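Listed features, source Swiss-Prot:
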| type | residues | note |
| --- | --- | --- |
| TOPO_DOM | 1-11 | topological domain 'Virion surface' |
| TRANSMEM | 12-32 | transmembrane segment |
| TOPO_DOM | 33-46 | topological domain 'Intravirion' |
| TRANSMEM | 47-67 | transmembrane segment |
| TRANSMEM | 71-91 | transmembrane segment |
| TOPO_DOM | 92-98 | topological domain 'Intravirion' |
| TRANSMEM | 99-121 | transmembrane segment |
| TOPO_DOM | 122-133 | topological domain 'Virion surface' |
| TRANSMEM | 134-154 | transmembrane segment |
| TOPO_DOM | 155-158 | topological domain 'Intravirion' |
| TRANSMEM | 159-179 | transmembrane segment |
| TOPO_DOM | 180-217 | topological domain 'Virion surface' |
| TRANSMEM | 218-238 | transmembrane segment |
| TRANSMEM | 241-261 | transmembrane segment |
| TOPO_DOM | 262-267 | topological domain 'Virion surface' |
| TRANSMEM | 268-288 | transmembrane segment |
| TOPO_DOM | 289-298 | topological domain 'Intravirion' |
| TRANSMEM | 299-319 | transmembrane segment |
| TOPO_DOM | 320-335 | topological domain 'Virion surface' |
| TRANSMEM | 336-356 | transmembrane segment |
Amino acid sequence: MFSCKQHLSLGACVFCLGLLASTPFIWCFVFANLLSLEIFSPWQTHVYRLGFPTACLMAVLWTLVPAKHAVRAVTPAIMLNIASALIFFSLRVYSTSTWVSAPCLFLANLPLLCLWPRLAIEIVYICPAIHQRFFELGLLLACTIFALSVVSRALEVSAVFMSPFFIFLALGSGSLAGARRNQIYTSGLERRRSIFCARGDHSVASLKETLHKCPWDLLAISALTVLVVCVMIVLHVHAEVFFGLSRYLPLFLCGAMASGGLYLGHSSIIACVMATLCTLSSVVVYFLHETLGPLGKTVLFISIFVYYFSGVAALSAAMRYKLKKFVNGPLVHLRVVYMCCFVFTFCEYLLVTFIKS
């Protein structure tokens, strides 16, 4: 049994790791909303808006780096992250022309920020389920704070409102070591120690073993993703569902997707129910979008994604349970979830940019 102090300490650490894991999405969101203006800076706008799918893809690529090399990158990464954010802060305050320097700064810092979701998730999803919820809460809260800053135009008024970004980096990077030292985490890691012929210190699931253990979960997630992508295309063309949402939807997709959803009961039943609700909501929007009005149409369209997130959360939780004996089970979860984020954010970019409703 673990003490209450250990649980509280780990809960605080993983909450801060949630704040840290949000930083690549927040970085993209801030640039896409403050510096994107298609009339005056067309190529910069495309760079910033493509940042969301790029961040998802880079987070997946970081999972291919061995753990010991990823840990060694922490100190240089955090120093460069803070330096880049300070330079951006200075440019916003003191410079009137950022049409070249800002995109270069954005592209230089983004790959390093994408290291944090890998390091955070690798720790969090070895811990008990209650601590995983603290992580997801931290990630969702961080995304919500910056979304509200943009909605209220606070970021446009003053660069001071970038300060939470520095706080997230400082708290999160400082919590990495604390979470690793916690006895609850180390005991979870111990349960994944390899026995007999497995390579390395801990059991690692190969691609073949992952496909063998979770074929139907992966197939169901793929089917749900294809369904919602088709819904996005049809509703964009016929109902103009992205009108007024294009500024906020990528952050919502990344934040809510990575944070999971509500999942109770059997994963396959939840997935079927959520797929049915997605289909029904899309049919209502398709046929009644003029009757519903802008608000009703937007609420129903967003609810389609909420249902999808809940279905995928149930399926990914089932996958994590099947891979609980393997130390790289959390990384499999990250690859699946962030590839779904990549598909949605890239699809949203293509629809809004090239396919006019």
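Glycine is no exception: its Cβ is also placed from the backbone N, Cα and C atoms.
Keep in mind it's a predicted model, so treat the numbers as computed, not measured.
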If one takes Cβ-Cβ under 8 Å and requires six or more residues beyond its ends, the residues near the transmembrane segment (71-91) are 23, 98, 101-102, 105, 108-109, 112-113, 115-116, 119, 159, 162, 165-166, 169-170, 173, 176
Is the count of Cβ pairs under 8 Å between the transmembrane segment (134-154) and the transmembrane segment (299-319), pairs 6 or more apart in sequence, 3 or more?
-> no
In the predicted model, what is the mean pLDDT computed over the topological domain 'Intravirion' (33-46)?
-> 70
Among 47-67, 99-121, 268-288, 299-319, which stretch has the highest count of C-beta pairs below 8 Å with the transmembrane segment (218-238)?
-> 268-288
In the same chain, which residue numbers or ranges, 6 or more beyond the ends of the transmembrane segment (47-67), come under 8 angstroms Cβ to Cβ?
-> 24-25, 27-29, 31-32, 35-36, 103, 106-107, 110-111, 113-115, 117-118, 122, 250-251, 253-254, 331, 334-335, 338-339, 341-342, 345-346, 349, 353
Using DSSP, break the topological domain 'Intravirion' (289-298) down into helix, strand and coil residues and give each count.
-> 10 helix, 0 strand, 0 coil
Same-chain Cβ contacts of the transmembrane segment (336-356) under 8 Å, 6 or more residues past its ends?
-> 46, 49-50, 52-53, 56-57, 59-60, 117, 218, 221, 225, 228-229, 232-233, 236-237, 242, 246, 249-250, 253-254, 257-258, 312, 316, 319
Give the one range among 12-32, 159-179, 268-288 whose Cβ atoms make the most pairs under 8 Å with those of the transmembrane segment (99-121).
-> 12-32
Please list, for the topological domain 'Virion surface' (320-335), how many residues fall into helix, strand and coil according to DSSP.
-> 10 helix, 0 strand, 6 coil
